[in-house]
Structures are given as structure tokens and as C-alpha cells.
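To start, the structure under review is shown below, and the notes come after it.
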Amino acid sequence: MESKEEDVNVGANKFPERQPIGTAAQTESKDYKEPPPAPFFERGELKSWSFYRAGIAEFIATFLFLYITVLTVMGVKRAPNMCASVGIQGIAWAFGGMIFALVYCTAGVSGGHINPAVTFGLFLARKLSLTRALYYIIMQCLGAICGAGVVKGFQPGLYQANGGGANVVAHGYTKGSGLGAEIIGTFVLVYTVFSATDAKRSARDSHVPILAPLPIGFAVFLVHLATIPITGTGINPARSLGAAIIYNKGHAWDDHWIFWVGPFIGAALAALYHQIVIRAIPFKSKT
């Protein structure tokens with residue numbers, strides 16, 4: 001019996017936890033060691049299949065994102081009233097739900113950006129090279145254009161008659177209001193991305209990497225609930241560009257600059273806030 005008890009004790013302690021979890025992790029005195037910043041330009045990436053595979057994943061994800069979300073918008077627009085469709089809440093769920101699903105599917109391949117503003121924020125934080133950032137943004141925009149194009153191909157008359165899902169500043173709001181809504185909305189999204197994928201938190205709490213797509217998708221959902229009445233909610237320049245190009249009517253381009261400038265400013269502010277205030281990276285001793 002004693003030998004059996006000894007075997008049980010040895011077995012129980014044979015594979016100890018590599019990282020403390022929960023509140024135990026918060027008592028660790030040793031700080032997490034930051035990974036080195038990504039190089040500004042990495043020539044070796046251009047010779048790697050994983051680099052091109054990641055871009056293809058971004059293209060497909062953004063294509064699917066625009067296809068489902070713009071199709072949902074068209075369904076709401078064609079309904080005689082909001083009660084006869086999923087309404088604004090349904091549109092918000094479509095955007096947030098697709099981001100949740102697509103980030104989950106592509107995070108292991110490309111990081112699951114699906115948004116030039118997210119890519120820009122991560123680039124400013126030195127999480128990826130300029131080469132990869134530009135490549136991602138191009139593939140995201142191409143995917144968005146194709147996704148909106150397929151929706152128009154299904155129902156061209158309905159698509160053109162109902163605005164094509166293009167982002168515009170709504171009547172009663174100024175351009176400044178629209179720009180502010182895009183800046184704050186993108187800040188919420190990119191700040192959530194940084195927090196949900198924080199390397200220190202991932203090392204401390206083993207459950208976070210699995211749940212990371214959930215808060216990101218939920219942030220997109222909440223921002224859409226708040227800003228659909230103002231701008232239709234851009235917070236994603238590729239999404240705005242794809243819908244504008246396929247719809248291609250004058251008023252879709254009048255305020256289009258807002259849906260690039262706003263998200264990029266919001267992403268930059270979120271990156272600075274997370275890196276400087278939350279993580280205090282510039283103030284850590286380099287030992």
C-alpha cells in the first residue's frame with residue numbers, strides 16, 4: 001500500500017504547472033520579458049511561404065467578412081420596417097460575430113487582423129514589420145472589394161438602391177462628429193485587441209489565448225450598436241473602401257477620408273496607450 005501511495009504522489013507531481021494561473025500568477029515578482037520588436041524591414045519574409053499564406057488568409061477572411069455583413073445590411077434595408085428584419089442589433093451581431101469567428105479561424109496563420117487599422121496599430125507597437133503590414137493591408141482591401149462585389153452580383157438593383165453598405169456620415173451629424181465616432185470606436189477595438197492578445201497576460205493566464213477572439217468580436221458588436229446611427233460604423237478602412245468602390249456613387253466618396261483618418265488615429269492612440277501607459281515599456285530597465 002505504501003508503494004502505491006508513493007507512486008500516486010510521484011504521478012501527481014510528475015508534470016507540474018509550467019506557469020502559475022489565476023491569482024497565483026499575480027503574486028509573481030518576476031516581470032514578463034518582452035519579446036524583441038519586429039524589424040522595420042525583413043527581407044527574409046519575402047522568401048517564406050508562411051508570409052504569403054498569411055496574406056491569403058487575410059484576403060479570404062476579409063472577403064467573408066464583407067460578404068456576410070453587407071448581405072445582412074441589405075436584408076435590413078429591403079425590409080418594410082425594422083421589426084420585419086434583424087434591425088440594427090442584428091447588423092451589429094453580424095459584424096461582431098463574424099470578427100469573432102474569423103479571428104478564431106485565422107489567428108494562428110496571420111494573427112487574424114482583418115482590418116488595416118488593427119494592422120497599423122500592431123505595426124506601431126513593433127509587432128510586425130512594415131513589409132508584412134503593407135502586404136496585409138493590400139490583401140485586406142482586395143478581399144473587401146471582392147466580398148462587396150459578390151453581394152452586388154447577387155442583387156445589383158437592391159444593392160444600388162439601398163446604399164451598398166457604404167459608410168457615410170448620417171444627416172444631422174457633422175463631419176467632425178463622424179470623425180470623432182470613428183476615432184473612439186477604433187480606439188475601443190484596437191485597445192481590446194492589444195489587451196486580449198497581450199503576451200504577458202497570455203503567459204500568466206492559460207485561458208486567455210482561447211478566449212481572445214471573444215472580447216474582440218464583442219467590442220466590434222458594441223461599437224456598432226453605438227455608432228451605426230452616426231456613420232454606419234466603419235472602424236475598418238478595408239470594409240469602408242470595399243463597399244465604396246463597389247457602390248461607387250458620389251456621396252459614398254464625400255466623407256470617405258473620415259473612414260481612413262479616423263481609424264488610423266484611433267489605432268495609433270490605442271497602441272500608444274497600451275504600450276506606454278498600460279505596459280510602460282519605455283520605462284522598463286533594459287537589463
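Every residue, even glycine, has its Cβ placed from backbone N, Cα and C.
Listed in TrEMBL:
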- 1-33: region 'Disordered' (REGION)
- 51-70: transmembrane segment (TRANSMEM)
- 90-112: transmembrane segment (TRANSMEM)
- 133-151: transmembrane segment (TRANSMEM)
- 178-196: transmembrane segment (TRANSMEM)
- 208-230: transmembrane segment (TRANSMEM)
- 257-278: transmembrane segment (TRANSMEM)
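Within its own chain, the transmembrane segment (90-112) is flanked in space by residues 53-55, 57-58, 61, 64-65, 68-69, 72-73, 76, 122, 128, 136, 212-214, 216-222, 224-225, 228, 233, which lie at least six positions past its ends and keep a Cβ under 8 Å from the stretch. Contact between the transmembrane segment (208-230) and the transmembrane segment (257-278) does not hold: fewer than three of their C-beta pairs are under 8 Å, each pair 6 or more apart in sequence.
A Cβ distance under 8 Å defines the sequence-distant neighbours of the transmembrane segment (51-70), meaning residues of its chain 6+ beyond its ends; these are 45, 91, 94-95, 98-99, 102, 105-106, 109-114, 132, 135-136, 138-144, 146-148, 150-151, 164-165, 238-239, 242-243. Distant neighbours of the transmembrane segment (178-196): 115, 117-118, 121-122, 125, 169, 208, 211-213, 215-216, 219-220, 222-223, 226-227, 230-231, 233-235, 255, 258-259, 261-267, 269-271, 273-274, 278; these residues of the same chain sit at least 6 beyond its ends, with a Cβ under 8 Å from one of its Cβ atoms. Within the same chain, residues 115-118, 120-122, 124-125, 167, 169, 175, 178-187, 189-191, 193-195, 198, 231, 234-237, 240-241 sit at least 6 positions outside the transmembrane segment (257-278) and bring their C-beta atoms closer than 8 Å to a C-beta of that stretch.
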